[in-house]
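For 61-100, the entry in Swiss-Prot reads repeat 'WD 1'. Annotation comment: Swiss-Prot describes 111-155 as repeat 'WD 2'. Sequence annotations record features per position, and here Swiss-Prot assigns repeat 'WD 3' to 182-221. Per Swiss-Prot, repeat 'WD 4' is recorded for 223-261. For 265-306, the entry in Swiss-Prot reads repeat 'WD 5'. Here Swiss-Prot flags 395-437 as repeat 'WD 6'. What Swiss-Prot records for Cys737, Cys740, Cys775, Cys778 is Zn(2+) 1 binding site, and it gives similarity to another entry as the kind of evidence. As annotated by Swiss-Prot, Zn(2+) 2 binding site applies to Cys788, His835, His838, with the evidence given as similarity to another entry. For Cys827, Cys830, Cys858, the entry in Swiss-Prot reads Zn(2+) 3 binding site. Annotation source Swiss-Prot lists Zn(2+) 4 binding site at Cys830, His832, Cys849, Cys854, citing similarity to another entry.
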Amino acid sequence: MSGTKPDILWAPHQVDRFVVCDSELSLYHVESTVNSELKAGSLRLSEDSAATLLSINSDTPYMKCVACYLNYDPECLLAVGQANGRVVLTSLGQDHNSKFKDLIGKEFVPKHARQCNTLAWNPLDNNWLAAGLDKHRADFSVLIWDICSKYTPDIVPMEKVKLSAGETETTLLVTKPLYELGQNDACLSLCWLPRDQKLLLAGMHRNLAIFDLRNTSQKMFVNTKAVQGVTVDPYFHDRVASFYEGQVAIWDLRKFEKPVLTLTEQPKPLTKVAWCPTRTGLLATLTRDSNIIRLYDMQHTPTPIGDETEPTIIERSVQPCDNYIASFAWHPTSQNRMIVVTPNRTMSDFTVFERISLAWSPITSLMWACGRHLYECTEEENDNSLEKDIATKMRLRALSRYGLDTEQVWRNHILAGNEDPQLKSLWYTLHFMKQYTEDMDQKSPGNKGSLVYAGIKSIVKSSLGMVESSRHNWSGLDKQSDIQNLNEERILALQLCGWIKKGTDVDVGPFLNSLVQEGERERAAAVALFNLDIRRAIQILNEGASSEKGDLNLNVVAMALSGYTGEKNSLWREMCSTLRLQLNNPYLCVMFAFLTSETGSYDGVLYENKVAVRDRVAFACKFLSDTQLNRYIEKLTNEMKEAGNLEGILLTGLTKDGVDLMESYVDRTGDVQTASYCMLQGSPLDVLKDERVQYWIENYRNLLDAWRFWHKRAEFDIHRSKLDPSSKPLAQVFVSCNFCGKSISYSCSAVPHQGRGFSQYGVSGSPTKSKVTSCPGCRKPLPRCALCLINTGTPVSSCPGGTKSDEKVDLSKDKKLAQFNNWFTWCHNCRHGGHAGHMLSWFRDHAECPVSACTCKCMQLDTTGNLVPAETVQP
């Protein structure tokens with residue numbers, strides 16, 4: 001403290017009082033002014049607070065440093081260090097009945113007079129007071145006093161003197177300290193280490209020294225210029241800050257050889273550094289002639305593996321006032337609150353507001369932290385926006401094993417919730433593609449199986465100029481219409497559309513029955529009409545009208561259909577054209593559009609966007625010529641690709657066009673889950689290698705990991721390797737011998753190594769299990785488990801490399817090749833480890849390595865070490 005610039009201190013146990021000290025001591029009381037007016041004589045500190053002067057003490061001249069007594073004292077007991085080296089106990093109260101009244105006025109006098117630079121009360125034994133003095137060649141610079149010691153004249157020389165000529169009260173002058181440290185050196189700063197009552201950290205002239213009062217002849221020290229303002233982080237007692245000129249040094253007492261971090265300030269010298277008592281790792285610094293306080297936030301980082309790893313810090317500056325700041329003091333309990341004082345004793349109450357940290361979890365939970373408060377954004381009861389989010393949908397679908405049904409592929413749309421018609425169309429398309437590919441491969445292997453997955457666009461192009469039309473009779477009507485003769489390619493297209501089953505039979509009856517069972521009577525009637533079976537269409541509509549939930553309008557439509565004659569200029573055609581515009585169901589509309597259209601002109605059916613793509617394509621295959629069909633399919637494909645409509649996969653197949661369509665779909669919805677499963681279903685190798693496909697797959701894998709669906713991600717990887725053998729990953733890790741460097745598991749490979757398979761170490765043909773407790777190459781023993789002290793090794797059961805070719809390998813659940821509990825596991829930092837089961841059991845209750853004398857926090861090195869799979873947790 002300087003005699004010209006004031007310092008400021010909060011009372012440790014009186015959170016509404018603070019002391020300002022320069023040439024005199026002033027005690028202030030802080031009051032809130034939120035709901036009240038400013039009292040007369042009060043000083044405005046901020047918009048919400050004001051200070052009232054309670055008392056002034058001018059009895060201690062030549063003050064150089066002040067320290068508040070750490071124990072509770074309503075009269076605010078203070079220790080004052082003076083320019084002559086004396087330490088005086090004084091108070092700012094007027095209660096003469098205080099329990100500390102016998103201490104007030106007591107002086108602690110060094111042997112030789114010199115300036116007292118710093119004072120520090122012991123936080124564990126509050127009666128111990130350490131004083132740091134300037135250098136004297138024949139005296140110590142660090143003196144530790146006991147303010148309540150009972151001295152006798154035989155032990156400690158004492159004398160009673162008057163404080164001044166006008167005073168009548170006397171006090172004790174104590175001249176014998178408890179401890180004397182730091183001979184022939186100067187002490188510039190002091191602080192007690194909170195972890196031990198008898199450890200004192202001192203900033204000497206050229207070094208930082210840790211004194212142990214149990215053995216004062218020895219000290220631990222490090223040479224440095226940063227010896228001023230030593231202070232201990234209240235939340236991390238091994239972290240200490242000190243400064244010199246414009247640099248702040250951060251020390252770790254566990255590795256005291258050099259600073260773990262050096263903070264370079266402005267060219268101006270520092271005057272004060274202080275840790276925040278309410279916030280972990282927040283350090284405030286002040287430079288001379290500055291109105292800015294710089295804050296350093298020491299971020300929490302994982303335990304460093306390398307010796308040179310520095311902690312992560314966030315730096316920011318705050319400006320509590322416009323004038324230069326002489327000193328500041330953190331409030332002991334209010335979060336991030338401080339009082340600053342200027343050289344002319346103007347004070348300001350200031351709060352450092354925290355940055356708001358947002359956290360958006362993979363399961364769509366939003367939380368943010370501000371100071372000590374943690375807030376969560378919850379969804380309103382009537383708000384279903386979360387259910388519409390694609391991430392939530394993908395997570396629920398993953399729980400239902402969506403996409404993994406490779407036998408009945410169409411069922412995947414049910415696993416997705418059976419709500420999206422595009423997904424339903426997609427999975428039925430993929431189901432038909434798989435079904436007819438297998439059927440074609442059985443009939444003629446390698447012929448047209450791959451064409452199926454290329455989509456209807458490629459199928460139609462392969463048959464250009466090969467189809468002619470012919471006249472066909474209507475069923476239930478004396479009329480004929482032109483229909484294209486169905487060659488093999490058009491039949492395949494109708495099969496992929498789902499209208500007909502596999503085989504040469506083109507009967508749509510089974511398809512109509514399935515539509516009726518699903519309640520899609522309007523669609524069934526339209527399909528029947530497109531197949532020139534007007535009688536069946538009328539029958540379906542009548543049945544729908546007479547059902548429990550039937551629509552009476554279906555009877556009206558059925559009656560209208562029954563009056564169809566095929567005449568171009570009839571009143572019926574005119575009325576149906578008007579009725580068509582009033583119908584809401586798209587299939588009823590296209591029925592009248594078909595009946596009222598001219599031969600070869602079916603735009604009213606083909607371009608009705610509310611009708612399923614597969615029905616429009618099937619209609620086109622029956623009624624359009626090759627040229628018209630190719631032109632229509634090309635145009636429709638481009639529309640589907642641009643819109644990202646999954647129904648278009650029927651046209652594009654799993655080709656490059658399909659990837660383009662899926663890219664538009666992912667851009668529109670973000671559904672990388674469906675994109676991944678779809679592309680894996682039957683795409684050729686060049687399509688699977690497309691970087692867009694790989695991007696979707698890897699992003700979906702990352703999503704599963706982020707959701708902690710590790711088992712689901714493993715299932716996806718297995719599913720992927722089955723459908724795309726080239727994606728099967730190579731072995732990522734193997735255990736090698738420390739002596740010869742060979743893999744210890746080579747003996748279990750499928751090909752024995754020159755007759756040295758592992759079976760030679762046991763009895764030939766013996767069913768007894770052997771253990772790989774030594775290297776198969778050099779026979780050196782493997783490391784021992786840190787807990788059971790048995791050599792690490794995995795029981796081997798029916799090892800493929802050590803059995804005869806005609807023997808079956810037993811890989812049942814009870815006799816697997818390697819059980820997880822017996823697997824090798826070790827820490828990448830300290831290299832200690834053992835059986836996985838033992839390690840898991842140990843680290844359920846411990847964070848430190850089980851090996852004696854090893855202090856490695858093995859489990860804390862991995863940030864996911866304490867996570868558990870979340871696949872059983874319902875959202």
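Residue positions begin at 1 at the first shown residue.
A Cβ is built for glycine as well, from the same backbone N, Cα and C atoms used for every other residue.
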Message: Take the mean position of the Cβ atoms of Cys830, His832, Cys849, Cys854, the recorded Zn(2+) 4 site. Which other residues of that chain put their Cβ within 8 Å of it?
response: Ala786, Cys827, Asn829, Arg831, Pro850, Val851, Thr855, Cys856, Cys858
- prompt: Just counting, how many other CB atoms are there within 10 A of the CB of Cys740 (Zn(2+) 1 binding site)?
  reply: 14
- line: Other C-beta atoms within 10 angstroms of the C-beta of His835 (Zn(2+) 2 binding site) total 23
- request: In three-state terms from DSSP, label His835 (Zn(2+) 2 binding site) for me.
  value: strand
Message: Cβ neighbours within 10 Å, counted over all protein chains: which one of the binding-site residues His832, His838 has the most?
response: His838
Query: From the centroid of the CB atoms of Cys788, His835, His838, the recorded Zn(2+) 2 site, which same-chain residues not already listed sit within 8 A by their CB, in sequence order?
result: Cys785, Ala786, Leu787, Ile790, Gly834, Gly837, Met839
- prompt: Can you tell me the mean pLDDT for the repeat 'WD 4' (223-261)?
  reply: 92
- request: Quick one: of Cys775, Cys778, His835, His838, which binding-site residues lie within 10 angstroms of Cys849 (Zn(2+) 4 binding site), measuring between C-alpha atoms? Sequence order, please.
  value: none
- request: Could you state the whole-number distance in Å separating the C-alpha atoms of His835 (Zn(2+) 2 binding site) and Cys854 (Zn(2+) 4 binding site)?
  value: 18
Message: Do any residues, 6 or more residues outside the repeat 'WD 2' (111-155), come within under 8 Å Cβ-to-Cβ of it, and if so which ones?
response: 64-71, 79, 81-87, 89, 103, 172, 174-192, 194, 196-197, 200, 202-205, 211, 213
- prompt: What else in the chain is close to the repeat 'WD 4' (223-261), if you only count residues 6 or more beyond its ends and a Cβ gap under 8 Å?
  reply: 188-195, 201-208, 210, 267-270, 272-275, 277, 280-281, 283, 285, 287, 296, 298, 307, 310-311, 313
- prompt: Looking only at the repeat 'WD 4' (223-261), what are its DSSP counts of helix, strand and coil residues?
  reply: 0 helix, 24 strand, 15 coil
